Amino acid sequence: MAVAGLRLMYHGLSQPGVMSKLTHHGADIGVSAVKTAVTRTWALQFPKRLNSTQAYNSQVKENYAKEAENKINKTNKINEVPQLQSIDHFRSSKAQKQGKDNGAYILPHPIWSEEELNSVEITHRVPENFTDKAAFYSVKILRNSFDIFSGFNWRKRSEKQWLRRIIFLETVAGVPGMMAAMVRHLNSLRRMQRDHGWIHTLLEEAENERMHLMTALQIRKPGLAFRGCVLLAQGVFVNVFFLSYLISPYFCHRFVGYLEEEAVKTYTKCLQDIDSGSLPWKNSPAPPIAKDYWQLPPDAMMRDVILAIRADEAHHRVVNHTLGSLKEDEPNPYGPGR
C-alpha cells in the first residue's frame, strides 16, 4: 500500500505543468509572506516616523518664527531712538568711573575738585612780540568798550545785569573753539593729513562755553531786543574770527588766551559780589543742568556754579596760551576731557 501510494504521487507529479504550477504557487506564497512582513513592519514604525516628521516640521516652524522675530527686533532697534544717557561715548571718563551721568550729548570735560575750584588765580601772560601785543590790546579795547556800553563799572551790578552780561559774553565765547575746529577739520580733509588732536580740544571748549550759556538761561530768558544784539554781535564775530584764523592761528589762540584772562577776572568779581551780599546767589540753588554737567552735590548753590565756570575759563586760558605757543603740526598735549 505504501509503495503503491508513492508510485501514484510520483506519477501525478510527473505530469506536464504540475511542477511549474507548484513552483509558481510557492513563489506567490513567499512574496505574500514578504509583503505581509513588510506591511507589519511599516505599520509598527509608522507612528514613530510620523512623530519624527511632525517634530521636524515643528522645529522648522519655530526656527522660522525666531528668525522673523530677530529681523523685526533688528529693524526696531535701527529705528528706535536710544536712551542717550546710556551711551558711554557721551559721558566723561570720570563720570563713568563714578557711575554718574553728565546728560545727553555731552563731550568729555574736566570735573573740578573743591581744591581746584578755590585755587584759581588771576594771571597774565606778558606779551612777547608784536602779535602778542596786537592780541592783548585787541582784547583790552573790546573789554573796556563793552564795560562802558553795558554800564558794568559805573552802575550797580544787580542780578539782572549780571545775567545779561554772562549770557551775552557766553554767546560770543562759544564761537572761537568751534571756528578753529572747523578750519582745522577742513584743512585736514583738504590736505589729507592728520590734525594731531587739536580738533577735539577746540570742540570741547566750544561746548563748555555753550553749557555756561545754557546754565544762565535756566535763570533768565532774554527778550527780543537782547536776542537781536546777540545775533548782530555773533554775525560780526564769527566772520572776523574765521578770517583771522585762516590768516594767523597763532594770533587767534593768543587772543582767546587773553580773552579768558579777562573772563577769570569777571567771574572773580562775580564771586566777590556774591560774598558781599550784593548778588543774592549765595543761597540760590544751582540749576539741575549745572549739577549734572559739573557733577555738583545735590545741595549745590549758584556760588558753586560760578566757581566751576571760573575754573573752566582758567582752563581755557592755559589751553589757548599753550596752543598759541605750538606749531600747527605739533601734537596737542591735552587729551579728551583734560
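Quick reminder: no glycine exception, Cβ is built from N, Cα and C everywhere.
TrEMBL lists Glu170, Glu209, His212, Glu313 with the feature Fe cation 1 binding site. Counting only same-chain residues six or more apart in sequence, the Cβ atoms lying under 8 angstroms from the Cβ of Glu170 (Fe cation 1 binding site) belong to Glu209, Arg210, His212, Leu213, Ala216.
Using a 10 Å Cβ-Cβ cutoff, Glu313 (Fe cation 1 binding site) registers 24 neighbours. Annotation comment: TrEMBL describes Glu209, Glu260, Glu313, His316 as Fe cation 2 binding site.
Here the transmembrane segment (162-183) has long-range neighbours at 150, 152, 198-199, 202-207, 209-210, 212-213, 216-217, 219-220, 222, 226, 229-230, 233-234, 237-238, 241-242, 245-246, 249, 252-253, 255-256, 259, 263, 266, 270, 273, 279, meaning same-chain residues at least 6 beyond its ends whose C-beta is under 8 angstroms from one of its own. Per TrEMBL, the feature transmembrane segment maps to 162-183 (among others).
Annotated transmembrane segment per TrEMBL: 224-247 (among others), in sequence order.
There are 25 other CB atoms within 10 A of the CB of Glu260 (Fe cation 2 binding site), with all protein chains counted. The CA atom of Glu313 (Fe cation 1 binding site) is located 6 Å away from the CA atom of Glu260 (Fe cation 2 binding site).
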